[in-house]
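In what follows, a single structure is set out as structure tokens and then discussed.
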Amino acid sequence: MTETFYDVLRRQGITRRSFLKFCSLTATSLGLGSAAAPQIAHALETKPRTPVLWLHGLECTCCSESFIRSAHPLTKDVVLSMLSLDYDDTLMAAAGHQAEAILDEIRTKYKGNYILAVEGNPPLNEDGMFCLQGGRPFVEKLRETAADCKAIISWGSCASWGCVQAAKPNPTRATPVHKVITDKPIIKVPGCPPIAEVMTAVVTYMLTFERLPELDRMGRPKMFYGQRIHDKCYRRPHFDAGQFAEAWDDEGSRKGYCLYKMGCKGPTTYNACSTVRWNGGVSFPIQSGHGCIGCSEDGFWDKGGFYDRVTDIKQFGIESNADKVGGTAAAVVGAGVAAHAAVTALARARNKTGIEVKQEEH
Amino acid sequence: MLAQQDAFEAERNARMVKAVYVYEAPLRLWHWINALAITLLAITGYFIGKPLPSLAGDTSTQYLMGWIRFIHFAAAYVFAIGFLGRIYWAIVGNHHARQIFLLPIFNARWWSEVFYELRWYLFMVREPKKYVGHNPLAQLMMFLFFTIGAVYMILTGFALYGEGLGEGSWADTMFGWVIAALGGNSLQVHNMHRLGMWVTLCFVIVHIYAAIREDIMSRQSLISTMISGWRMFKD
């Protein structure tokens, strides 16, 4: 019989008390209330572990780095054990053929019943030659392992949107997972990296309830990406009051006024930073005095400056923002109208005789 | 007032004045309410993207950005509901009320009149034609920049508004798909909505200029028509 999660935890010396504390914390962080804690405990005690294959494509490993810092007591150990993380080429001890053999084993043994976690994305140019693993393009490995999986978790902005390697001109044609694998349920957990507790909570939810969390239109879990940073920002009262930092280190900046004018992307970024925060709830960018750069939004590298509110639009071939483009258009139209009016006045003055001549004809 | 002036002028010139009732009262009312809403939307919208200088003092006594956004949203409701009312009036009103919604694009004569008007504006023809409703070129511009533009601004605007109201709100349910359809990046939709404001401003400049110019040049009333409803022909 396969070990349950609880068996694994006890085997690793985690006390029942710590285990129950974890269940309560998880229930709370998922917003389910204390009644869900026993349910989570029951699930972990009775369910066999779901194998997870964690692949790495083009990426920087910041997702893994974030993940292993999940800060609630013991969560790191608990989740790493919970997951039955059978394959993760950055973390696993095995290497070479031994490591690759695990992929085949899990695929056949747990056909249709394992979760595929993807960090990074496959580049498609030159038949995927920009990302080779074990002598094969990553995109092939991704397609193979995805074929028999139950669901895919797209970790981070790379897997979800493309991120920096897909920024213009995207020479390797780095492509987000959902554009390569189209026949599997995909849950996007964007961010560069995503918040550690968001990652562990998403995994816990999927293992506990054996289903995907509720997703928004873009395929992100609503419980963490349902609101913008701005909606829960502790500096929001300064925004509503019209109190802004106008320059770095000015009076407003020192007073902790809203960073909107400094280009904060909080109003257009869906993430849980302003509620869950980072490093065990210590802080998040805005709290540290810097605007949000919108790292969990699609194409955030290509949406103009991190320090402008009305950002540059590159679609026009030149770098210019809506106000410059629109202002120029309005000025051109205004000048055109003025010129037209002048010509009209001239023509009218000249035509006066013309009209009178015509009247005489009547 | 203007209509009277038109009439006096026509009388003084001892010419026959012909008048036709074009714009019915609800349509005229809508036009001016709509103009006011657009003005408020453009001003407040500009300051939402580029806020006014920072205010000092007790945060709890200030609500400047809040009021600017409130006026923007309130004017947006007026604009959007007005637009729905305008569509209703296009159905039940007289045939002039339908002009900015339906273009007779399969009518070759209409197209030739569009080009005639274009030549008139390029000073290539001497005599303007007279039209009871919009002239065909004006009709085309109205459709492209106002009707399409209004739909675009309502769709993108209420989609952004839905972000604030939140997931599952009516605005999110009805318009939230717009952001996803435009690529899913809210910042980009903000920029596109702002570009829409500048396009509208360009339209307004041309619209007001053409109305004043035609009022003078084409010997028929335009501005007073949108007040009284009567189109006066001055010769």
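Placement of Cβ uses the backbone N, Cα and C atoms for every residue, glycine included.
What TrEMBL says about a protein is an automatic prediction, not a curated fact.
As written in TrEMBL, here are the features:
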type    : residues                               : note
BINDING : A:CYS60, A:CYS63, A:CYS158, A:CYS192   : [4Fe-4S] cluster 1 binding site
BINDING : A:HIS230, A:CYS233, A:CYS258, A:CYS264 : [4Fe-4S] cluster 2 binding site
BINDING : A:CYS273, A:CYS292, A:CYS295           : [3Fe-4S] cluster binding site
DOMAIN  : A:60-205                               : domain 'NADH:ubiquinone oxidoreductase-like 20kDa subunit'
DOMAIN  : A:225-304                              : domain 'Cytochrome-c3 hydrogenase C-terminal'
SIGNAL  : A:1-43                                 : signal peptide
Fewest other C-beta atoms within 10 angstroms, as judged across A:CYS60, A:CYS192, which are the binding-site residues:
A:CYS60
Binding-site residues listed as A:CYS258, A:CYS295, least Cβ neighbours within 10 Å:
A:CYS295
Quick one: give me the count of other CB atoms within 10 A of the CB of A:CYS264 ([4Fe-4S] cluster 2 binding site).
28
Nearest-integer angstrom distance between the alpha carbons (Cα) of A:CYS258 ([4Fe-4S] cluster 2 binding site) and A:CYS292 ([3Fe-4S] cluster binding site):
11
Given the binding-site residues A:HIS230, A:CYS233, A:CYS264, A:CYS295, which one's Cα is the least distant from that of A:CYS63 ([4Fe-4S] cluster 1 binding site)?
A:CYS295
A:CYS292 ([3Fe-4S] cluster binding site) as reference: those binding-site residues from A:CYS60, A:CYS158, A:CYS192, A:CYS264 with C-alpha within 10 Å of it:
A:CYS264
What Cα-Cα separation, expressed in whole Å, is found between A:CYS273 ([3Fe-4S] cluster binding site) and A:CYS233 ([4Fe-4S] cluster 2 binding site)?
9
Determine the minimum-neighbour residue: among A:CYS63, A:CYS233, listed as binding-site residues, which Cβ has the fewest other Cβ atoms within 10 angstroms?
A:CYS233
Just the number: how many Å between the Cα atoms of A:HIS230 ([4Fe-4S] cluster 2 binding site) and A:CYS158 ([4Fe-4S] cluster 1 binding site)?
23
So what's the average pLDDT for the domain 'Cytochrome-c3 hydrogenase C-terminal' (A:225-304)?
94
Take the mean position of the Cβ atoms of A:CYS273, A:CYS292, A:CYS295, the recorded [3Fe-4S] cluster site. Which other residues of that chain put their Cβ within 8 Å of it?
A:GLY191, A:ILE229, A:LYS265, A:GLY266, A:THR269, A:ASN271, A:PHE284, A:PRO285, A:ILE293, A:GLY294, A:SER296
Run through A:CYS233, A:CYS264, A:CYS295 for me and report the binding-site residues whose CA is within 10 Å of the CA of A:CYS192 ([4Fe-4S] cluster 1 binding site), in sequence order.
A:CYS295
Number of other Cβ atoms within 10 Å of the Cβ of A:CYS273 ([3Fe-4S] cluster binding site) across all protein chains:
24
Of the binding-site residues listed as A:CYS233, A:CYS264, A:CYS295, the one whose CA lies nearest the CA of A:CYS158 ([4Fe-4S] cluster 1 binding site):
A:CYS295
